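Participant: Residues or ranges marked as domain 'EF-hand' by TrEMBL: 1-28, 43-78, 81-116.
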């Protein structure tokens, strides 16, 4: 999967490539139109929950800016090192204003086409 989205061939997934990877949660395609994910029988809600759980490290049902930063760093994305960037991403989808992203907010973001982590959407 990484090879499919590593458009520039540097062996790393940069921010834009990560956004493309996130589209696979909806059974998306890569830039060439090739399907990135086979149908595994999971429905959209289950796939979204699985994606949410990647970010919800402490399993409290919320994504904090620290958890977001940790996942971004583990993916090699420089935005993860900047807590202010992570806080800004969280603020953009935090509907209830608690400073974290719950599953409903996450679903709305994903279904609106914002992608899992987008500086403009998350």
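Any Cβ shown, glycine's included, is placed from N, Cα and C.
Please treat TrEMBL annotations as automatic predictions, because they have not gone through curation.
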Participant: Over the domain 'EF-hand' (43-78), what is the model's mean pLDDT?
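Facilitator: Average per-residue pLDDT within the domain 'EF-hand' (43-78): 89.
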Participant: DSSP says what for the domain 'EF-hand' (81-116): how many helix, strand, coil residues?
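Facilitator: Across the domain 'EF-hand' (81-116), DSSP assigns the residues as follows: 21 helix, 2 strand, 13 coil.
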Participant: Of the residues in the domain 'EF-hand' (43-78), how many are helix, strand and coil by DSSP?
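Facilitator: Looking at the domain 'EF-hand' (43-78) with DSSP, the answer is 23 helix, 2 strand, 11 coil.
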